[in-house]
Amino acid sequence: MSVFNDSVLYPCFLLTGFSGLESRYGLISLPIFLIYATSVAGNITILFIIRTEPSLHQPMYYFLSMLAFTDLGLSTTTLPTMFSVFWFHAREISFNGCLVQMYFIHVFSIIESAVLLAMAFDRLVAIRAPLHYAAILTNDVIIGIVLAITGRALALVFPASFLLKRLQYRPVNILSYPFCLHQDLIKTTVSSRRVSSIYGLMVVICSMGLDSVLLLLSYILILGTVLSIASRTERVKALNTCISHICAVLTFYTPMIGLSMIHRYGKNASPTVHVLMANVYLLVPPLMNPIVYSVKTKQIRDRILKKFNQQKV
């Protein structure tokens, strides 16, 4: 009985990397480190360029700054435990530490989903009401959007952590990934998980589910407006302003859907596939977003090249 009580108060969790490939963790960690370093460098560059260029102090780039900041937060939250597993074979993590990491991973993921929606709204206003763009997306409106996005994420995820805290666990619990996720923690409990599972599903529906529907609606309206433009050149020009955002949306939602499908239907899939998809979901968006916006957005690309040329001189 005392052992069980200790397991309730002080359960231990073991993170899992790529099972069976432990001898190659040093090699596996190399591309992960390169992805992390590129992500950090790329997102810091985006933030620096927008911060130092007055011409980029516009709603579209404010939202891009928030996307870059969110990607930095997501990378910083996940990488410490990943490196502890792959570099030092240190798998153990405390329950409180696991809850904290889980909380911030899901908070940053929900924030990223909402920022992508805000960016879609920005493109919708720019294309449907270009003459009223500055009047609609004022600084006060943008601040309100940012506060609403952040507040929603913080408020939605906190009860999930509280509910997990009330569940009972074994003394030692093995997780499926080198980081802590809500759906993974729920599987290790020895008590009823019904309330936590229902609440977790509600959080997904009220955040990413709702955001994805509104994203789709936004692009239906954008497409309808673009098709009503008489000039083919103007239609192409309007659509080109959305290319970077569409790439960011696909980069975020495609791995998430893939991970959900593997988690739901891939019961017989190799554990390596599960870990690989989870890593893709958390590592690829922070890597690709600064690359996509640097390549596809002329204003960002030109400012980066200008700064680079100034450094060379």
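Glycine too: its Cβ is placed from the backbone N, Cα and C atoms.
Bear in mind that TrEMBL entries carry predicted annotations, made automatically and left uncurated.
Residues or ranges marked as transmembrane segment in TrEMBL: 25-50, 62-88, 100-121, 141-164, 198-230, 242-262, 274-295. Per TrEMBL, domain 'G-protein coupled receptors family 1 profile' is recorded for 42-293.
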*For the transmembrane segment (62-88), sequence-distant contacts whose Cβ falls under 8 Å of one of its Cβ atoms, 6 or more beyond its ends*: 15-17, 25-26, 28-29, 32-33, 36, 39-40, 43-44, 46-47, 50-51, 101, 104-105, 108-109, 111-112, 115-116, 118-119, 122, 142, 146, 149, 178-180, 248, 279, 282-283, 285-286, 289-290, 293, 300
*Could you give the residue numbers and ranges of same-chain residues that sit at least 6 residues beyond the transmembrane segment (198-230) on either side and whose C-beta is under 8 angstroms from one of its C-beta atoms?*
106, 109-110, 113-114, 116-117, 120-121, 123-124, 127-128, 152-153, 156-157, 159-160, 163, 182-183, 186, 238-239, 242, 246, 249, 253, 256
*asked:* Should anything in the same chain at least six residues away from the transmembrane segment (274-295) have a Cβ under 8 Å from its Cβ atoms, list it; otherwise answer none.
replied: 16-19, 32, 35-36, 38-39, 42-43, 45-46, 64, 67-68, 71-72, 74-75, 78, 82, 105, 112, 176-179, 181, 244, 247-248, 251-252, 255-256, 258-259, 262-263, 266, 301, 304
*State the mean pLDDT for the domain 'G-protein coupled receptors family 1 profile' (42-293).*
93
